[in-house]
Amino acid sequence: MVEIPAIDLRLAGGGGGAEETARLRDACARLGCFRVSGHGVPPGLQAEMKAAVRALFDLPDDAKRRNADIIPGSGYVPPGTANPLYEAFGLCDAAAPADVDAFCARLDAPPHVRETVKAYAERMHSLIVDVAGKVAASLGLHGASFQDWPCQFRMNRYNYTQDSVGSPGVQVHTDSGFLTVLQEDECVGGLEVLDPAAGEFVPVDPLPGSFVVNVGDVGQAWSNGRLHNVKHRVQCVAAVPRVSIAMFLLAPKDDTVSAPGELVDGEHPRRYREFKYDDYRRLRLSTGERAGEALARLAA
């Protein structure tokens, strides 16, 4: 069974880390999923954020529903027909402190929770921008900047019971954006990624202190097919609640997704037409093609 590659960010992407950079490039191209260490996010902040998220989910339902927005993927998402065990909180732009303040205010979150969420969102935004830059550098694009790309922040809880063991928590899907950085539940596994070579799902077991990175659909399109958008799912493996925290780097600020010219040549002709990310997200919703199939509709 394939192992999830582990990348030390202190080595990857720099001039002296050619071997680690090559491993990063291979992980993105082959599996579309890897772990990162050397990320600089303090263990104490990770623990504080996990406690804050659990406190938010333990709020009464009426308080949680006050944080419901009309923007898809933002606000409170209650359990539904497709994923009855799953609920989430979303922040549409985690890079904007005002959005974080508004999110906490609608929940009447206490000051220490607000400060934890703000500090964590800031560190995670820096981390995902750094990871994206190193991924781009592994493809030879050393000047690419992702600082102003919108980011979505999502807190997830899976309300597992004994009856749900063995059932799906979230169905098979790809992420629609460029990259996802995920802090897993340190006690409960369940995340599985598809190994395209073997056609089998591989468990991503918890590893405290590390983050899991997934390549999404925009990552595959922007890289002209060099990066692999990983299919993944969440399975219930234990009758206990499972909490995870995700940061999504979505698409360029102007919403336009197009492979840079440096990644298009005679041997690598352009694979996808230029498209708007919001249009693509709506395409996924309207077609129900949420596991990367919708990209084929944008073939050049």
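Cβ atoms here come from the backbone N, Cα and C positions, even for glycine.
Note that the structure is predicted; figures quoted are calculated from it, not measured.
As written in Swiss-Prot, here are the features:
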DOMAIN    149-252  domain 'Fe2OG dioxygenase'
BINDING   HIS173, ASP175, HIS232  Fe cation binding site
BINDING   ARG242  2-oxoglutarate binding site
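Rounded to a whole number, the distance between the Cα atoms of ARG242 (2-oxoglutarate binding site) and HIS173 (Fe cation binding site) is 19 Å. Sorting the domain 'Fe2OG dioxygenase' (149-252) by DSSP state (H, G, I as helix; E, B as strand; all else coil) yields 9 helix, 45 strand, 50 coil. Annotated pair ARG242 (2-oxoglutarate binding site) and HIS232 (Fe cation binding site), C-alpha to C-alpha distance, rounded: 16 Å. Taking the mean position of the Cβ atoms of HIS173, ASP175, HIS232 as the Fe cation site, the remaining residues of that chain whose Cβ falls within 8 Å of it are VAL172, THR174, THR180, ASN214, GLY216, VAL230, LYS231, ARG233, ARG290, ALA291. Just so you know, of the binding-site residues HIS173, HIS232, the Cβ with the fewest other Cβ atoms around it within 10 Å is the one at HIS173. Of all the Cβ atoms in the protein chains shown, 24 others lie within 10 Å of the Cβ of the residue listed as '2-oxoglutarate binding site'.
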